[in-house]
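Asker: Provided herewith is a single structure, encoded as C-alpha cells, for subsequent inquiry.
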C-alpha cells in the first residue's frame, strides 16, 4: 500500500468537474452581467433617493431661474458678468453637492461587498464597473432637468451649440463628483471618516476652483492645488463657453486693448481667455472621471474593512472562559453571591437560578410594597385602513378583550403567550406607556385607582431594547438615574450607598467603570446591558417593576445571570412582572405565577406554577382531550403547543371560556376584589409635584450627563476641532495677507470669498455632525421622560447649553488662526465683531442641525431636510448674487436667510467704514460695498441682533419640538 501511495495520481484521469480551473465560478462576462443586474435591482429598490434628488433639483432650479431671471440680468458692465459667473458657479456646485449622497450609499454597501469579495463571488472590477456605468444615465437625466429649466430663463448665450456644451460640462462635473465620493467611501470605509474626507475634498475643490479666489491671487505654494482642482477646469471651461459667445461681443467701457465685455469679465476674475480652454476642461474632467473610478476599483481590491469595537468582558467572564479552556478548578465568585450562584454552577448544576439572601442583607432605602390589580381591561385602536379595505366594517380593532388579574409583592409573575397574544400590549397599558388607542376597565394600586403621574414615581419599566446613553459609564448611568428619581429627602451619601447596593444586587460591581457603548458595536455585551437596564430602574427604588422580555437574544448562561438578577429583585419584596418568550425549563421554574394569554388578547390561565410547574400541568391535563406532558419536556413549550388555535379547533373548545368557567377564575376574581379594597389605615399615593427633583436640579443633572457624554466622544468633539483647525490653516495660507489689500474690486471679492467659504463649510459641517449625536440621545430621552425622570425642557436646555463651550473653543481656534494669517485689521471692535459673528454663526448652524432632528423621525430624514435648506441659503447668502441684485419678489428671503445676516455683519464690520482707500476706478471702498452689496457699517449692530435672534429661534424650536413631537409610537 505504501508503494502505491508514493506514486503521484495521474490528473489526466480526473473527472472534468472534480477540480476547479478558474478563480471564479463563471466567466468574466457572466460575472459582469450578474453584477450589472444586481446593481440595477438595487437602484430600482432605492429609487426614492434618485426621485428625491431630481425633485430637489427642480426646486433649486426654480429658485435659481427666478433669482437670476433674464429680465433682471443685464450685459452692461463687468459687474453684470460677475452675476452671470455666480449663476454658472451655482450650477456647478449644485451638481457637485448632489453627488454627495453617493458617499453614504457606497459605505452602506461595503460590508456585503467585502464578505462576497473574500468568498470569491466576483472580482472588485466586476462590482465597481456597474456602480459607475449605471450612474451615467442618472447624471444625464439630472443635468437635463437643471439645464432645461435654467439655461434660457437665466439668459445665457442662446446659441444651441453653447447650450449643449454647457450641458456636457454639467454631466462631466456630476460624474466626476460621483467618482470622487465613491473613492472617498472606499478609502474611508467608515461614515465619520469618509464624511470628514468628503468635506475636505469639497473644500479644496471649491476654494481652489478659481471662483472664490482668483488665480492671480493664489499663493505660489497653493497654485498646485489650483491646477489639481477638477472644479477649476470646469469653471474655466464653462466661463469660456459663455463669455466668448455672441452675446458678450460688444465693447463696453473700452480698454487699451479694446477687449470685448466677455473678455473683460474673464480677465477680471482671472479666467483664461483662450477658447481652447473649453476642450482642455472637458479633457481634464474625463481624465478625472477615469482616474477616480479606477482608484475606486483599486481601493476595493486592496483594502479590508475597518476593525470593530469589542464588547466589555468582566473579570468573572474571563475567569470562566479560562476554566472552560484549561479545565483548572478555579472557584468563580460573583460579587454579592455565594459560589453556588455563579454562572458556571448555574450552567453545570442544572442551571438553578436562586437569589441572594437580599432580605437578610436589607436595602439602604425603604420602600412600600404595593400590589396592582386590573379588572376587565379592554384596549382598542382605530381600525387600520388595510383591514377596512378588506371589508371589515368596525371602527376599532380590539387588542385586549376584558383581561383581569393581580400582581403582588414578592411574587415573580411571567406574562406569556404566542406572538400577537397581547403580552407587551397589556404591560404597556398597565405601565401607562401607550401613546395612543382607547383603554377601558379598572386599574388599582393597593386598592386605590391608578394615577399615571404618581404611578411613574413608584414604578419601573425595563424596555426590551436596552436604551442607554453610550458615552457614560455603568456607575454614572446609575448615579444619574438615582439623582433624578429618588426623593429630594434622600441625601447624597444614602443615594451613593443605595447605588452600590443595587450594583451588587444585579452583579455589576466589576463593570462600574465600563462605558455603556452602542448595542452590537462596542461597550457592554447584550447580557450586561440587560442587567444595566434592570439596575437603572432599581435605583429609583420602585415598588412595582415591569420587564419586557429580559432574556430575549441571550444564550443560556447570560439568561441565567439576568434571571438571577430578576430573582434577587423580587426577593427584596417588590412586585415584578416579566413578559417572556419560550423560556428554558430553568428560567420558567424561576417564576412563581403565570399569566397566559391566547392570540386575540384573552387570558387562558392565571395562577401559580407550583413545584416543577405541577399546578399548571394539572390544570391543562384536567381539560378533556389535552395530551399529557412527556417526562423531562419543557412545561412552557408544552403549554404553548396544547393551547394553539389549531388545538382549540381539534378539541372543539375555547380555552378562554374554559378558564372563565373554572374555580381558578373565581379564586382570581375574589383575590382581585380583595386587593382592590384599600387596607385599613392606608392612604392613597400622593406626591406634591410630578417629578422627584426641582426644575433646576433636572437641568443640572441633564447637563452633567451631557458633559460626560461629550467629553468621552472624541469622534465628535475632537474631530470637529481638528477639522476646524485644518480648515483654518488652509484658509489662512490660501488667503495669506489678503485682508489688508483693498485696492481692487477683486481683492474685496477674495476677502468676501474667504468669509463665505468658512461660514458655509464649517457651519454645514457643524450642522451635519451634531445630528447623529442628537438622534441617539433623543431615543434615550423618550425612555427617561416616560420613566418620569425629567420634563422635556431640562433635556433641551442641556443639549443646547453643552454645545456653547465647544463651539466657543472652535471659534477661538478658527478666529485666531484665520484673522492673523489673512491679516485683517487688528482694531479691537473689528476683531470683536469678527469673533462675535463667527461664534453665533457656528452656533446657529449647530442648533439648526439639532432642530432638524427634533422635527423629523430620524437623522437620515433630518440630513435630507437640512441639506435642502443649506442649498437655498447658499443662493441667498449674498455672495453668488448680492442682495441689491436679487429680484424684488425674492428679496424678502434674503432677510430670512441667516447666512446673509452673517456675511452682512462680517463684511460691513471689516470694510464698511473704509473711506480713505479708493478702488482702481476711484470709487471709495465703503461706497462700493454699499452700492454693490448693499452693506452699511452703521447697520452692524442690527446684524448682530439678527444672528443672535436666529440662534435663539433655532434653539427654541428645538426645545419646542422635543416637548411637543413624539416619533416613538406604542
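Note that Cβ sites are derived from N, Cα and C of the backbone, with glycine treated the same way.
Computed from a predicted structure; not experimentally measured.
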Asker: Between 915-938, 939-962, which stretch does TrEMBL give the note transmembrane segment?
Answerer: 939-962
Asker: Under TrEMBL, the annotation transmembrane segment belongs to which of these stretches: 166-185, 226-245, 246-265?
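Answerer: Range annotated as transmembrane segment by TrEMBL: 166-185.
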Asker: Take the transmembrane segment (166-185) and find every residue of the same chain, 6 or more past its ends, with a Cβ under 8 Å from one of its Cβ atoms.
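Answerer: Those are 91-92, 95-96, 98-100, 102-103, 106-107, 110, 131-132, 135-136, 139-140, 142-144, 146-147, 151, 156, 194, 197-198, 201, 230-231, 234, 237-238, 241-242, 281-282, 285-286, 288-289, 291-293, 295-296, 299, in sequence order.
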Asker: Does the transmembrane segment (831-855) make contact with the transmembrane segment (48-69) through 3 or more Cβ pairs under 8 Å, each pair 6 or more apart in sequence?
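Answerer: These two segments do not touch.
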Asker: Using Cβ distances below 8 Å and needing 3 or more such pairs, separated by at least 6 in sequence, tell me whether the transmembrane segment (197-214) contacts the transmembrane segment (939-962).
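Answerer: No; fewer than 3 Cβ pairs under 8 Å.
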Asker: If you average per-residue pLDDT over the domain 'ABC transporter' (372-624), what number do you get?
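Answerer: That stretch averages a pLDDT of 86.
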Asker: Sequence gap of 6 or more, Cβ distance under 8 Å, 3 or more pairs: do the transmembrane segment (721-739) and the transmembrane segment (861-880) meet that?
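Answerer: Counting Cβ pairs under 8 Å (6 or more apart in sequence), the transmembrane segment (721-739) does not reach the transmembrane segment (861-880), since there are fewer than 3.
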Asker: Counting Cβ pairs closer than 8 Å, which of 48-69, 277-300, 751-774, 794-819, 861-880 has the most of them with the transmembrane segment (939-962)?
Answerer: 794-819
Asker: Counting only pairs 6 or more apart in sequence, are there at least 3 Cβ pairs under 8 Å between the transmembrane segment (751-774) and the transmembrane segment (892-911)?
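Answerer: Yes, since the transmembrane segment (751-774) and the transmembrane segment (892-911) share at least 3 Cβ pairs closer than 8 Å, they count as touching.
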Asker: Using Cβ atoms and a strict cutoff of less than 8 Å, what residues sit near the transmembrane segment (132-154) while being 6 or more residues removed from its termini?
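Answerer: 36, 39-40, 43, 50, 53-54, 57-58, 61-62, 64-65, 68-70, 73, 84, 87, 91, 94-95, 98, 102, 163, 166-167, 170-171, 174-175, 178-179, 182, 293, 296.
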